[in-house]
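Undergrad: The transmembrane segment annotation in TrEMBL covers 7-24, 30-48, 60-84, 104-137, 198-222, 249-269, 281-306, 318-338, 364-391, 403-420, 440-465.
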Amino acid sequence: MVATSEAGLLATGVIGIIAVIVMITTPLKVHPFLALVIGSLGIGLVAGEKPAALIDSVTGGAGGTLGSTGLILVLGTVLGTVLAESGATRRLAEVLTRGRTLRGIPWMVSLLAFIVALPLFFEVALAVLLPLLFGIARQVETTMLDGEGRDPKGRKTSPYLLVGVPALGTVASVHALVPPHPGPTAAASALHTDIGAVVGFGVPIAVITMVVAGQVFAGPMARRMFPVPPRRLVEQFTLSRDERTPPPLTWAIVPVVLPLALVVTQSVVTVTHRSGAWASVVVFAGQPVVALLIAVLVAMVGLGWARGTGGGRLNSQVAEGIAAIAPILLIIGGGGALSKVMVDCGIGKAIAHATHTLGISPLVLAWLVAVLIRLAVGSATVAIITASGIVAPAVATTPGVHPALVVLALGCGSIIFPHINNAASWQVKESFGMSLGEMFASFTVIESTVSVLGFGCVLAASALIR
């Protein structure tokens, strides 16, 4: 049985997270970064932490998280900016949609979204994809639907949801399940598991969730809801701003697949215990930060300098990417502070003890903790990073549970039920011109499906490998 003091500490921590953070972020509209810092301090004081030690926990947690994850977010955002500005993303869209039927368009959109989303934060990936999605939607509207917006079978269809739903389902799946996305990458680091193992389990599960939440839902949602995106936004994304010939397909593909290839290669070298200078170079290049940096440099050379883009413009693109990600970095730092405070207060140890005593599977625990933090905070990345620190002691002391599957359980829990405290929800709502009800009926359903179905796949995988 869990000791009374540990049970009380655990209850204080969980109730404190839910009550304090939700109360000040939702009704009072306090910025999530401030809410997380306030919640961290409040929980530490209630748990009896000394003020000096508490401040060290807050600053150490924020700094440590940003040190391991911040560079990944910044580099991923810069990469997405260079790809969009150079026309590489547009080039990929043209190739993927050429000669496709109305039935085949959602599949091609999912493939494009998978490639684009790999290194990017959700909001950034969606921002990069939107010009492509709107361009494809306009093409569908003008060439595949009649004047009343009906498909060849006479069904009224929203072209924007026909391409938007598979994109959202795919980006959500990648966000939760596939490194080098920052969320799963940070969780893998916290649980000291191999990135390659996370990729090996995560990609097949992501394919299942993106097919169900994206492809299966695309048709029904597109025929039941008819949002109208803002006209100025549609015109901005569908009127070309770069009249140059798009880059060659090879240069468009290489920067987005290179990070994943480098990470997987270094994992193979590590698992097979290769040694020597070559192996050291591969392991170094396959670290997520280094892999993304290499991809950024390759993109800047192949898509920038080689095509006549000046250094001044490339520097501006880097600055734009950093500016776009800065607010998100603060929120993630706040999540790291909260996680560190909870660990230093002993909440993680209490959870580990409860897991052994009550028979709670670390997989179920990881999903539930991530769900609670997600509902409270709204940010999937904050949820997975914070929850990983909490469940790490339970994973370390429970034999027979693969840490890579715990990472995926955390990822699945971190994206459930996006609502009004989630920035991506508002981005989706406003970009596609949805009402609040349409946002809940589409985006919330999509991400919740990925969460629950993905977690079911994680449990099935765990049962199969035992």
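Cβ atoms here come from the backbone N, Cα and C positions, even for glycine.
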Undergrad: Short question: which residues 6 or more past the ends of the transmembrane segment (104-137) have a Cβ under 8 Å from it?
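TA: Residues packing against the transmembrane segment (104-137) from afar: 72-73, 75-77, 79-81, 83-84, 89-90, 92-93, 96-97, 144, 159-160, 162-172, 174-175, 178, 180-182, 206, 210-211, 214-215, 218-219, 229, 233-234, 237-238, 253, 256-257, 259-260, 292, 295, 324-325, 328, 380-381, 423-424, 427-428, 431.
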Undergrad: Between the stretches 60-84, 318-338, 403-420, which wins on the count of C-beta pairs under 8 angstroms to the transmembrane segment (281-306)?
TA: 60-84
Undergrad: Ranking 318-338, 364-391, 440-465 by Cβ pairs under 8 Å to the transmembrane segment (403-420), which is first?
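TA: If we count Cβ pairs closer than 8 Å to the transmembrane segment (403-420), 364-391 scores highest.
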Undergrad: So, do the transmembrane segment (318-338) and the transmembrane segment (440-465) meet, by the test of 3 or more Cβ pairs under 8 Å (sequence gap 6 or more)?
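TA: Counting Cβ pairs under 8 Å, fewer than 3, so no.
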Undergrad: Before we move on, state whether the transmembrane segment (198-222) and the transmembrane segment (440-465) share at least 3 Cβ pairs under 8 Å, counting only pairs 6 or more apart in sequence.
TA: yes
Undergrad: Go through the chain and flag residues at least 6 beyond the ends of the transmembrane segment (364-391) whose CB is under 8 A from any CB in it; none is fine as an answer.
TA: 14, 17-18, 21-22, 25, 32, 35-36, 65, 69, 121-122, 175-176, 182-184, 186-187, 190-191, 328, 331-332, 334-336, 338-340, 342-343, 347-348, 351, 355, 406-407, 409-419, 421-424, 451, 455, 458
